[in-house]
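One structure is given here, and the rest of the page talks about it.
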Amino acid sequence: MAREFIDCHCHLSANEFTQDIDDVLLRAKKAGVKALVAVTEGASEFEKVIQLSKTYPGFVFPCFGIHPLQESGSDLHSVKVQDLEPILPLFQKHRDNIVAVGEIGLDFTPWFANTNQERDEQIKVFLKQLEISKELDLPVNVHSRSAAKVTIATMKELGIRQALLHNFAGKPSVAMEGVQAGFYFSFPPAVSKNEQVRNEPGNIIISCEYIAKVKGISSDVVMEVTTQNALRLFSKLKT
């Protein structure tokens with residue numbers, strides 16, 4: 001069986017890939033990746049993912065989203081509503097180009113969001129982007145760390161049906177609430193102990209083989225099922 005993976009959550013617009021993005025994407029293709037869902041963390045990345053999707057049509061598919069943690073020079077701060085407001089028009093402007101809203105979510109890690117005010121601001125930004133996803137009829141690509149219950153509950157309360165949760169750090173019982181709501185979960189290569197220095201789409205086989213080992217099935221089955229899940233969730237990948 002020929003390999004046909006879909007990477008549902010990658011950061012191609014990150015500075016780490018500036019110098020060798022073409023090589024990174026070539027390695028991904030050689031690894032059997034047939035489509036890449038490229039998320040953003042901040043407004044400065046929006047144009048980058050659009051340009052990548054134009055340079056690699058039918059291979060790189062862009063998402064727009066504001067991450068719950070934002071860069072301030074070399075530091076990170078909990079997202080504020082004013083981080084989102086200036087770029088709201090871009091969601092409408094590029095609604096035909098983006099395949100999802102993401103990376104969005106909640107990160108209540110104490111050293112980033114240790115006050116109720118910071119957490120409330122994160123929730124406001126998260127809610128606004130969830131509402132945008134509903135307006136545009138797009139799935140969401142969601143980050144959740146130290147906020148599992150709130151993340152799942154917020155999405156369910158807003159009636160979100162199409163979602164991928166990435167970096168989900170929560171109890172299995174909470175994750176199952178998401179599964180029962182129809183949400184999907186993704187697992188990066190870091191889920192397995194390996195010698196990778198930098199994560200990139202070509203490493204997707206590491207996740208595949210790890211899941212296969214845990215579930216006691218073949219990697220071909222994992223590849224086929226996860227690819228179909230991705231196509232079901234990100235319907236624009238089919239068009």
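Backbone N, Cα and C atoms are what each Cβ position is placed from, and that goes for glycine too.
The shown structure was predicted, so the numbers you read here are calculated from the model rather than taken from an experiment.
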Which of E71, E85, E103 does TrEMBL put in the same divalent metal cation 1 site as H9, H11? E103
For H11 (divalent metal cation 1 binding site), nearby residues of its own chain (Cβ under 8 Å, 6 or more apart in sequence): F17, A38, V39, E41
Which residues in the same chain, at least 6 apart in sequence, have a Cβ under 8 Å from the Cβ of E103 (divalent metal cation 1 binding site)? H9, V39, T40, E41, C63, G65, H67, N141, V142, H143, H166
Pick the one among the binding-site residues H9, H166 whose Cβ has the fewest other Cβ atoms within 10 Å in this structure. H166
